[in-house]
Structures are given as C-alpha cells and as structure tokens.
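*Asks:* Sharing a structure here in structure tokens format.
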C-alpha cells in the first residue's frame, strides 16, 4: 500500500488586543485551512508561537478546536516543553482527546546533551503517558539546539515500536530527511518545506508540515495532487514563489500579516513577544505572497 | 560607598530516586552553602536544572527554602521561562515572598529575535508583576540563543529605572562584562566564573554567580575576602584549579557528583534528563576537585 501523503499546517495562534489567545479566530482559521486543502493541522508548532503559550492556554485552545467539530484524528499538536511535567501533561491531554499523535520537541534549553539523555527524556514522557501516545519527533536544531539523530531514532523505535509514528525534519537539509526516510521506512517523515515535496514523496516520505501552508494551502495541495502531472512545473513554481517571499522577511509576523490580508481581519497580524508585529514593513512582499497564493475559500 | 561584593550560588536541585524534587536535601544543601561562605543563593539557575522543573516544583522548592528560615533577601531565584504567563507567575511569587530579586532569562526558544522584541518580553513581565519586582538580567547566549545587548539594557533602565537591579554575564567574555559595568555602573553586574572575580571587582562589578560555588564556596569566599592580600595568588590558583577540572567534564552532573562526594550522600548525584548521571566516569577528576575544595562545614 503506498504511503498516504498529507499536509499538516502548523496553524498560527491569533491573539486579541490584550495578547490573550483569540480562541474564536483560532478555530475559524483552522476550519479555513482544512477547507482550502490542508489534510490536517499540527497546531502549537514553532510557527504557532507555541513556546510563547502556557500549558493551560494550549489545552484550552486544543479543546476548542476539537469541540468545534474538527476531527481529532487530523490533529498532531506540538507538546514538547523544556520540563517533563509539562510535556507529559500536554501529551496526555492530546492523547485523551483522540489526536493522531503529538509533535514533540526534545527538551531544548540545555545544549550539547547526549543522545542517551534525549532518549531518556522521550522515554520518561512516553512511559508516563502510556501506550496510546503516538510521537512525531521534531528535528529543528536551529531553534532547539538539540538534534534528533539517526541513532536516537533507532533506539526509540527499538524500545517503543509504533509509538514512534513519525518525524518532522525542519533542519532544511534534504540529505538528513533522505537518510531518515531510508533508515526508517516504517515512520511518517515530513519535510518542513513544501519546496521539498517532490523529493520527499519520491523518496517515500509522508508529506509536509510547513509554515507557509498557513497562507498557501490551496497551492501546496494542488502540487501534491498534481505531482508529476502536466502542470507539475507551474504548480511547483507557484509554491516556491510564495515560500521564497517569506524566507526573506520575519517569518512568523509575516505569515500572520498575510493571513490578515487574506481574511481582511487585521487582528490576525498580532504576535506575542519576543516577536514584533510586522506593521507596514514588507507590505509589498506580503501582498505579493497573498496575490500568488490566490483567493481563499471561507471556512 | 563601595559596592558590596557578593557570591550567589546557582544551587543544584537534588532529586529523589523517582526524579521528584528532593526538597529536604535542597534545603539542607542551601544552608550548607551559606554556612561555607556563600552570601546568598540564585536557585533555579542553569546549574540548578531549573529548565527541567515545572512552575509548581519551583514555587514549592522556593517556599520550602524560605520556610526553613533562610532570609529571602539572600535569594535571587531564576524565573525566566519561554512563555510570559509562567515567568510572571514565578516572578510574582518570588517577589511576594520577599526575594531580593529574580534572575530572568529572556524567552529562549525563538532565535534571531530583535532587541525590541526582547524588550517587550521583559516589559510585559515587569508591568504585570509590578513595582516591587527587581530584575537581574541573565545573559547566557550559548544556552538561550538570545543575547542581552547593551542597547537593550539601556532601554530597560530608561523605562524601569532601579527595577533593573543587575545582570549576570555567563557569556564568558570579559570584554562584554567590562562594557556592561562601564556603561551601567548603577546595576550589579556578576561574572559567571570565579576566575574573573579579581577583574570583576577591580572594574566595579558586584561579584559572582558561578556553578562551582556549589562545590567550592569556602575557597571562592576566601579569594573575595583576601583579594590583593598576601595570599591572593594562592587563593586565585585554588579557585582556578577547581574550575578548570569542571570545565573538562559534563558540568552539571559533575557538580552534583562532587556534592555527593563532599556530603557522603550519593543521592545528590542524580540528574534529570536530558542530562545523564555521571556515574563512575571522571571519578578521579571529581575526587581531585573535592580534594582541592577542601572540607565542608555541615549546615
């Protein structure tokens, strides 16, 4: 059976004027993303400013998503915190709510730690949450400072079997993604850039979890559906054009500014510290990304 | 009035066999450190594995310290988390308990953020906690990935005055420490290495907050008290010898192993993931550090 190819959006977290989580917009945006081509969501990822949210805020927002009727099996929320107690609480909550799995950062404050230490950290959480937990490992060393190495993945699979469900490779290094897919064909390996979708799928990967899916779900879905078809090159060019724009400006504020432009709701543009609202900076670039992404269906 | 020179220990956090916080040893160790020459404690720092503790664990342990009779004005607990809600909760708690101030990391997940964003993050916490809060800024870019720059310090002091009480420079770069002391003589600037104590004090700094104070409080206190006296060179050599040993082995597990050796209580050696217990590795180095540090008074 060929692997199912899917697109999960690390959905942005909208904030109200007082910087509290704007749950209503969070839910509306989730339905918009699904309506426009995303297969599912990976909320509370890096792009979601998850690490600027408290545990309680994350749980409440996840509850609101699921209570709104979104199928929990389409959700892979981020749950990895620096300390085990919070990672366990978030992972147990997501598991109890029926989520497909959780996208789990390793503990990310301490640098230069060993594979054995990171293995122990994951093991502690998996054992505490129990056998229903499915873990998608999150490799983003440029933010976390802690790599998910191949020997670590091997050791985790040897110990926990299919509880290790997948990996998101945000390193931007295709050679690493290819090595993970080749060594561990039994797990779902996602690229973090839709520009790598053709390579990812050809190699046996599972698709993509990408920041720009927030803005360009239709275009990226069209690429996946039309892969190697007559429009392949044009579809790939559209996807790469949007991505290239965001690579040149502050990513998360720009993604939120673009959603504000797409929806006509300026409140989407707000970020929490340590980010700064994009404001009028890069307005032309954002407008161009929105133009290329094309019209969005309402949720 | 000459500046008061002080030594604050980023006291280690002992764990029980089930990896819960061993509050009894935490309190006993704090009293031992004060009895052996430390002026105060900066619990829940990097060396304390603070980022492997939950908010509730930190609050309970701080309460236990103060309830044990330790003067809260000798305490500068670490409170900086990735998200504002937790940093505010910990900082408000420490302030209400009468601590001298708090050692506050900037939000440390997101990298490449601007001074304006980091300023906004600190401002949000200070405004939420209120005028009784005193902040010691924590510059440890090799762990946090977010530098406390001179323009940022200037802006924070301009806005919050003496609520910005000090800075700990863990960068290991003396030029940076000297620049902070020269530019902001009104705040207390601590070095993170006792090997820099002579330079720090000569330049107008406030002393030291150092991992190896956990093991060598007597020696480091003797250096401060005997600065430029007849035994200066021997005292400085003792302090540097201990520090040099720890620089060559995994710092936090080794510090804890050394305390286990000093106290005869092996439980002190336990670490949480992502660290790994030192075990028998580097036993000779640890024994040598303990030998040079000399006998410890019981608390």
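Placement of Cβ uses the backbone N, Cα and C atoms for every residue, glycine included.
Here's the feature list from TrEMBL:
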{"type": "BINDING", "residues": "A:47, A:209", "note": "pyruvate binding site"}
{"type": "ACT_SITE", "residues": "A:138", "note": "active site, proton donor/acceptor"}
{"type": "ACT_SITE", "residues": "A:168", "note": "active site, schiff-base intermediate with substrate"}
*Asks:* Can you tell me how far the Cα of the residue listed as 'active site, schiff-base intermediate with substrate' sits from the Cα of the residue listed as 'active site, proton donor/acceptor', in Å?
*Replies:* 5
*Asks:* With Cβ-Cβ distance below 8 Å and at least 6 positions apart along the chain, what are the contacts of residue A:47 (pyruvate binding site)? List them in sequence order.
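*Replies:* Expected: A:10, A:11, A:12, A:211, A:214, A:251, A:252, A:255.
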*Asks:* Far apart in sequence but close in space: which same-chain residues, 6 or more away, have a Cβ under 8 Å from the residue listed as 'active site, proton donor/acceptor'?
*Replies:* A:45, A:78, A:80, A:103, A:104, A:105, A:106, A:144, A:148, A:167, A:168, A:170
*Asks:* Reduce the DSSP letter at residue A:47 (pyruvate binding site) to three states and note it down.
*Replies:* coil
*Asks:* When you measure from the Cβ of residue A:209 (pyruvate binding site), which residues in the chain that are at least 6 apart have a Cβ under 8 Å away?
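*Replies:* For residue A:209 (pyruvate binding site), the qualifying residues are A:7, A:8, A:9, A:10, A:42, A:45, A:76, A:103, A:168, A:190, A:191, A:192.
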*Asks:* Sort residue A:138 (active site, proton donor/acceptor) into helix, strand or coil using the DSSP assignment.
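*Replies:* Its secondary structure by DSSP: strand.
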